[in-house]
Amino acid sequence: MEEQVFKGDPDTPHSISFSGSGFLSFYQAGAVDALRDLAPRMLETAHRFAGTSAGAVIAALAICGIEMDEYLRVLNVGVAEVKKSFLGPLSPSCKMVQMMRQFLYRVLPEDSYKVTTGKLHVSLTRLTDGENVVVSEFTSKEELIEALYCSCFVPVYCGLIPPTYRGVRYIDGGFTGMQPCAFWTDAITISTFSGQQDICPRDCPAIFHDFRMFNCSFQFSLENIARMTHALFPPDLVILHDYYYRGYEDAVLYLRRLNAVYLNSSSKRVIFPRVEVYCQIELALGNECPERSQPSLRARQASLEGATQPHKEWVPKGDGRGSHGPPVSQPVQTLEFTCESPVSAPVSPLEQPPAQPLASSTPLSLSGMPPVSFPAVHKPPSSTPGSSLPTPPPGLSPLSPQQQVQPSGSPARSLHSQAPTSPRPSLGPSTVGAPQTLPRSSLSAFPAQPPVEELGQEQPQAVALLVSSKPKSAVPLVHVKETVSKPYVTESPAEDSNWVNKVFKKNKQKTSGTRKGFPRHSGSKKPSSKVQ
């Protein structure tokens, strides 16, 4: 027989050792199911199985080919039985031990002792001298069940009188060897507790050194302390089922490590796992089939496209995108890039762009307005205490200056209704009171040059009325001028922005000229002058 390079070689004998686990045998059941699913030859070619306590029961079931589902169903019933009483498994009315014996009598075949003889090694602790005894010879099914019962018996926990095997009293083998037959060089060790075993939970230890207890290596971690408690006093079934899946995953990780060792070997003499004949490579390596990976890739690409789509989109003609704005036929940027908030700050008539003539026959509609987004102005201190400034909802486009400037002598025109004007001019975003008379013309002439000649005649009158009625409002007006002195205009790429820049530029020059000659008290009218 050739020398074995790595334990688990199917061409040379190897062994599997199960540690004591108590109620945490869910973990070992998950590991056995993983080996059956991914590496069935590993269980078939193993010539020795060793176990103690509940691990001995798992080993016997694995040798006899009994499904772990039946064992887990009985274990679920036993956990529910233990949860009924306050003392749990220490209660005298607990029937957990009797339930397990009845389960073994029911599921084990009659010739199970023949199959397990020489192959199953059960670890026991002799009561008289406390020595560890490993038995592997059975003459009947009852003798096999008695050996398993002695290996699981914990004094006081399971009863007061220990059972006997061949006339000698034995107790749980975990007291003298938690990991049975760990000295076997070809043994693949499976443990519920984190340590140096091949298949076991991997925790982050609190200290770097392991400690030995019951002739077994343990990591000193909070998780291990919790596992020791759960082994004797079972937690909820949800936690126990998590132990099952954890055992399955740890067995898969072990197979991956073995595959890496085999693939990186230069001589290829490390037989396990000989992936083409020994293990299902797709499942052991965690590779997904192409048919399964394609839908996930498409879904991932769709999610990436959906994440980047709202930043910039093409709006078709006539589609308002949920708002009442004008139809746009060119690609526009969304509200996220145009401005942070619509124009909602009070702006004096000096900083307002020149008003466009209103239609005399039809009310003002949004369909005739150009698709231009006006600057976002931060809200300065209000010039009039107690004035409320409503802001348009985010779904509506910002109001243009043509909608803001209206004559105060006539009813203010709005989108849906008309309201009489108050004697004090309102500084809201919809109307700005100013005693100016505007010539009426059709809205079709909107792109034409605005009437700049009338700007110098009407604005001094508006400023004079505002100052004469409330002189203290002049200081905030200067502050507003400084705030909006450099407007930031965001407009559609399809529109020409020259006329907007001209209007703002002329308005700014005229405003500064008017400020220089502006009197603090009302006086005679100054002669009108045209903008240079």
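Cβ coordinates come from backbone N, Cα and C, glycine included.
Per Swiss-Prot, the listed range annotated as motif 'GXSXG' is 51-55 (candidates: 51-55, 246-250, 491-495). It is 6 Å from the Cα atom of S53 (active site, nucleophile) to that of D172 (active site, proton acceptor). Within the motif 'GXSXG' (51-55), the DSSP-based counts of helix, strand and coil residues read 2 helix, 1 strand, 2 coil. For D172 (active site, proton acceptor), the same-chain residues that are 6 or more apart in sequence and have a Cβ closer than 8 Å to its Cβ are G20, T52, S53, T125, S151, C152, F153, V154.
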